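Peer 1: Take a look at what TrEMBL says about it:
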type	residues	note
REGION	113-142	region 'Disordered'
ACT_SITE	296	active site
BINDING	438, 462	Mn(2+) binding site
ACT_SITE	676	active site
TRANSMEM	754-775	transmembrane segment
TRANSMEM	787-805	transmembrane segment
TRANSMEM	825-847	transmembrane segment
TRANSMEM	868-891	transmembrane segment
TRANSMEM	903-925	transmembrane segment
TRANSMEM	937-957	transmembrane segment
């Protein structure tokens, strides 16, 4: 296959040619170096090598004649989100509509002419402004470099904002060696199992081998994505030094927050209010924060509670910022059992805190009154304060509603300061339309926010996840606003942390193993998966754009070269990549900031939008489409502010997404109730990468269902979503393979997320085998030789060593690991099993499953909900497995007593097998028995077992029956004709 011998410029994407003498050259050589020099970089972005000093000297001379020097640029760095242009995903664009009958781009000349005309108009103006505003333009570059070295503040603005901290070699090397060793032992184990069948129990043996092979396959999918775990560290102080200079306006990027709620009776308004208040009180510039609350149930209770929340925010926000309190959700702040006077020096703090706590308690009373009022719906429906009927009385047939509470002129706090924007949104719903549940609500918020504020970044939270760390957004910006690290980052995912969970974490609600082990492993590949909340998105990634192009280069032993750092070694590029880059260059011509074309009429704008087929992709809204082309965000200058609300209502209409790419290639992806996994997967397939951010203080905290039935229903919903993805066209087994942008370890992790529910089938069979073996007297393993015993022992040791070394580098406790193993079995034999059957029923028979919102309410008694037994069919399979294994244990002892001494050896292997099942299902047994105030569940379990065994032994011994001469008795029996 032919391969290109020319590399590509890292800055502009131009192909590099070769001179007759073999040296590299490129037309953009001088302009690209000047650009890098203006950015203050002395090191090549691609290879990491410093630029040649002779080349830099030439560039310095040229640059000093026309532009500001390095120090001037550093002190006036504008907000820039990356070097490369953006790229539209080729899936959502129709090539035939971009070209004329001769195959040329029909809009390219128009765009170039517009840009030329614009630049000519501003050329003289820009030159005059440069002379007037830049008196230091003629200062030699050497003097500027000296100024930087003498000015630490300017130097800190060029420092990295985050670093990758690899796991110590001593820990990770031994961990990998044990993984390889375990894989080798598994191969030898299966060789022995397959070559040594059990003829007396062939069916049981075959079933066990099939189950064990699937377990090994599942372990490989789960284990190898954890091959290269990493840690990260951020520097918020450097972020402030670079983008928040004293006396200047903050250059931090704006962020739109999304909070979604459906049923205010299951998701109490007080919890949602705390989430909103924690967002409004963030340690972030107020003009950069906008909070959008999606009420997908169109409940008047949600609307009225948000009115009360906005009113209380005028007192709460200045109090939080004045005294720097954490967390900034009042319910959780006032419930902290710590010394709240620590680090507080203002004498007025105690007085104001008492007053604020009293105000919050009054706020809770008003919220409770609203909830009590909403318990019974009037026959004529709800009526607003002005006497008009509430538009959302019919939750399935109502218009779109938008209300801006804060952020407009006159809406200030009690101290007269500006407040962040707070917007209530309820999208239109009509019969006959598919609304796509949470994913559809999130996409509606994407469009509304783009029309009203259009922040370049989006952070979505569930209504019960409040901001626990007021600097969480700054943590994310250390990655997303870094011009080198962040240009290919689609989102920054934070781990989920929870309040209100029992200390033992009986049902593994914290998911510590997943968030502290698996996600850190993925961070070392292409990034963590999106988990549905606590995630900061790049808006352009949600629009289906691809990341900046990074051509694949052949690895070189000692050095690498590019147009900025020429080398004698030649580089090659895959022809398929050259073709893809060429197609992206054509698309780039249409993707630029339309705000720069404000001097042109609406006809020219509409022609551009129509010719690029954006209407077929994003929908019929010129305002929204114009906002999608603004990489740095912001509302276009050409838009009339008085029409924004009307346009926002239009983009949340129920028919807006018809015949568009919404939910297919852009926004939250439809097709599964776990839209989070699917959305992140599509971004990674386009070549984006994500980052896992774990600050010392948890960024967000939420609530989790601690009741057994609610927890199983939650797991059922997740597993059903995975089955839906497996049966869809987005299955990671084949989707995106042709593009080659998803790394194979990352693909392996996504495959694991969709196949894990199918482990329930072999798991149920495997948990049934011990009882069958005990009841029938057969076993799945033949008599072991010394070599086979060593093999089994080595397998157990490798399993233990893998877990121990994993705990060592991750810091996870052994209790968390054991709880995770237990609930893996509990969920596997119940929720995952039902999810598999429901998924196939939905595909074959079209039977849809209703989405159940997990209740966020809590009992007055601490952990009171933990002991409530709620009957559900999910409890049947694990209960049955417990019963048959306990019966099998009793039957096994009975059989051993009857057969004598030689039967006790095989019995212990079967008993161990059965107790493995019982120990894993023990938390389920505790939940099934409810509260035991006096007698622990373990005592009851052991009492039943020991009583049964003792009874069998008692009957076998027969202490109160006189022994008879069995020989004489047998002789007498022979005389009787039976």
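Backbone N, Cα and C atoms are what each Cβ position is placed from, and that goes for glycine too.
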Peer 1: Where among 754-775, 787-805, 868-891 do we find the most Cβ pairs under 8 Å to the transmembrane segment (825-847)?
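Peer 2: Most contacts with the transmembrane segment (825-847): 754-775.
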Peer 1: Are there residues at least six beyond either end of the transmembrane segment (868-891) with Cβ under 8 Å to its Cβ atoms? List them, or say none.
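Peer 2: Contacts with the transmembrane segment (868-891): 707-710, 712-713, 716, 764, 767-768, 770-775, 826, 829-831, 833-834, 859, 910-911, 914-915, 917-918, 921, 924-925, 927-928, 930, 944-945, 948-949, 952.
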Peer 1: Sorted by position, what residues of the same chain at least six away from residue 462 (Mn(2+) binding site) have a C-beta under 8 A from it?
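Peer 2: The list for residue 462 (Mn(2+) binding site) reads 259, 260, 532, 533, 702, given in order along the sequence.
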Peer 1: Rounded to the nearest angstrom, how far is the Cα of residue 438 (Mn(2+) binding site) from the Cα of residue 296 (active site)?
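Peer 2: Their Cα atoms are separated by 8 Å.
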Peer 1: Using Cα coordinates, what distance in whole Å links residue 676 (active site) and residue 438 (Mn(2+) binding site)?
Peer 2: 10
Peer 1: When a 10 Å sphere is centred on the Cβ of residue 438 (Mn(2+) binding site), how many other Cβ atoms does it contain?
Peer 2: 22
